[in-house]
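J.: Checked Swiss-Prot, it gives:
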type    : residues                     : note
BINDING : 38, 39, 40, 56, 83, 100, 107 : S-adenosyl-L-methionine binding site
REGION  : 287-331                      : region 'Disordered'
């Protein structure tokens, strides 16, 4: 089951110290594809990176960084965009790429962004503040599509029951507020015991992932990193729930030689050669000291790959275990 990821984002970067240790030495040009509050970018600069390109699709994140980004001069360049196109933002081969997936603390903490089920705000959830909002999706998608989204993107077992309740509620009045949706979901599930996650956790995660096309963005971003990194360049990805971690884990497994050739006796070609090596035997999790300081880090996982000189290529999203919504009945 996917871990709760809606109460997870600290302003202090998660796993920063082990990340810097795993990718050392930090030098050359790095790209932070999920700039957010800039914690990883600053950490990379202070650890020795010559230059960092900070990319974020949230215009508010870049606006909030304007007050301090100038302190680094031309060592820090901010770019409005998505990390699925990070190779075009780079302009030249990179020495490293960092991706910190999912929703940020800033997005969760601002009620007006509509990500939180604990604060009343407009039902928005758009990271880029453009395109279809969560309210648009919740009020127009078919019951079947809503159930598929909740099940595949949130691993919500009560997906059919919740989808039916949403459709019944919106027939009376449009669902436009976060707490209104959270209440509809909560009524479909048992009251949680002390210490258990909020009943709306999985549903909010699923809707957010759908609104922001997070899984397709992730797969395309991993491919873009493979294209952008020079031989020896490092890819570091921090995940926060099992669905996205599975995609990253499988990508690195496959690209490090785990594709499984049809004939093991056939000569290896350049196209078959591993694109990454794996310096870590397994994912790194926060230690007790970090969890004591920052409980939101509890589900974080860090995975690292080192680029080889093999040519980049495309990857099949299904081979990565990417959850896919059936096309039938999407609207």
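Cβ coordinates are placed from backbone N, Cα and C, and glycine is handled just like the others.
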J.: Give the residue counts of the region 'Disordered' (287-331) per reduced DSSP state, in the order helix, strand, coil.
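T.: For the region 'Disordered' (287-331), the helix, strand and coil counts are 13 helix, 7 strand, 25 coil.
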J.: Taking the Cβ of residue 83 (S-adenosyl-L-methionine binding site) as the centre, count every other Cβ atom within 10 Å, in any protein chain shown.
T.: 27
J.: So which one is it: of the binding-site residues 38, 39, which has the fewest other Cβ atoms within 10 Å?
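T.: Selected from the binding-site residues 38, 39 on minimum Cβ neighbours within 10 Å: 39.
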J.: Helix, strand or coil at residue 38 (S-adenosyl-L-methionine binding site), per DSSP?
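T.: Looking at the DSSP assignment, residue 38 (S-adenosyl-L-methionine binding site) belongs to neither helix nor strand, so coil.
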J.: List every residue in the same chain as residue 100 (S-adenosyl-L-methionine binding site), at least 6 positions away in sequence, whose Cβ is under 8 Å from its Cβ.
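T.: Spatial neighbours, sequence-distant, of residue 100 (S-adenosyl-L-methionine binding site): 13, 14, 32, 34, 36, 40, 237, 238.
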J.: Rounded to a whole angstrom, what is the largest C-alpha distance between any two of the residues 38, 39, 40, 56, 83, 100, 107 that the record assigns to S-adenosyl-L-methionine?
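T.: Greatest Cα separation within the listed binding residues comes to 18 Å.
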J.: Looking only at Cβ atoms, how many others are within 10 Å of the one on residue 56 (S-adenosyl-L-methionine binding site)?
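T.: 25, counting other Cβ atoms within 10 Å of residue 56 (S-adenosyl-L-methionine binding site).
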